[in-house]
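S.K.: Before I ask anything, here is the structure I am working with.
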Amino acid sequence: MRIFLAYQKILCAFLGIVLSTLALGENQMHFRPAAVVAQPKDVTLIVGVPDAGIFSYELVGGEFEYLVQKGDSLTSIGARLGVEPSTLARMNKIKRDSLLYPGKRLQIENRHIVPERLTDGLLINLPQRLLYYFESGTLIAHYPVGLGSWAWATPTGSFNVLDIQENKVWYVPKSIQEEMRREGKPVRAQVPPGPENPLGKFWIGLSLPAIGIHGTNAPASVYHFQSHGCIRLHPDDIAALVQRVRKNMQGKIIYAPVLLARISDGRIFLEVNRDVYRKNSDPLSVVEHLARTQGLTAMIDWEKVRKIIQLKDGVAREVGLHTPVPLGETQ
């Protein structure tokens, strides 16, 4: 009897451990630095960690001067370049609703951390609102995208490209028709190609249910969370992308608001994006974990980290504490 009870206790403890484990669950611009920082060949590009933290060795974007064109606004410029309008206002010490006059020069900083390098295909990181296109292990292009609102969240997951269409008719889903009805808008079952079609000129169908990658008839909506789940690109960007994408190409959509990078010259960058879909925990804990696993804790200015976390503006900024040490060298 005692042996049986002891065995029962051991079995219960083992089952408790198993169950606990299962429960965890672009226009006139004057650029300064190069847009992409090359990845060292002797290191792993990506290290994923819990709570949507990612460590990388590659950046895109940079700091440059933008010459305002007729019709520009902070919203339209931000949508084109991948920067929040409020961030542009803060960078240039102007009000968020300031009128912009042609010829005015704006300082732009749109540096981002590349979350992962694919061999071929498409990578979309939702919090960054960026789409990356890879060929033969090389990042060829990246584009700002518009994504689903909080109520119509764009899903994550792997996908294949099912089809590529030009001038697609939009067959309005029943759920969106019902939303039109609730909001007192004219209910339409379909919208033909043309200026009223929210899909724009090009459509890339995905194997993920009910969503695709497409253009837009509202370019200023790019780099915002305003769609019904689909992935919107500026008309010029989708026109460029469809020239590269092919049927059956693979890709994936991820959700990683916090990214830390150490580039080849040794500089350390942190990018923190808004957790729009409310999926993750404290960003500071994520950064601490990333730094600890990469042996960078003592090399980081944690006061800078806290300020970047407070901003959550999606711009990658340097957070290194000491003179950078190129990768492969020791201090």
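If you go along the chain as it appears here, the first residue is 1 and each next one adds 1.
Any Cβ shown, glycine's included, is placed from N, Cα and C.
Look at TrEMBL and you will find 64-108 tagged as domain 'LysM'. As annotated by TrEMBL, domain 'L,D-TPase catalytic' applies to 120-257. Here TrEMBL flags His214 as active site, proton donor/acceptor. TrEMBL lists Cys230 with the feature active site, nucleophile.
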S.K.: List nothing but the one residue from His214, Cys230 whose Cβ has the fewest other Cβ atoms within 10 Å; the candidates are the active-site residues.
M.R.: Cys230
S.K.: Fill in the CA-CA distance, the residue listed as 'active site, nucleophile' to His214 (active site, proton donor/acceptor), as an integer in Å.
M.R.: 8
S.K.: How does the model score the domain 'LysM' (64-108) in terms of mean pLDDT?
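M.R.: Across the residues of the domain 'LysM' (64-108) the model's pLDDT averages 97 on the 0 to 100 scale.
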S.K.: I'd like the per-state residue tally for the domain 'L,D-TPase catalytic' (120-257) from DSSP, helix first, then strand, then coil.
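M.R.: The counts are 22 helix, 53 strand, 63 coil.
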S.K.: Using DSSP, tally how many residues of the domain 'LysM' (64-108) sit in helix, strand and coil.
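M.R.: For that range the per-state counts are 16 helix, 8 strand, 21 coil.
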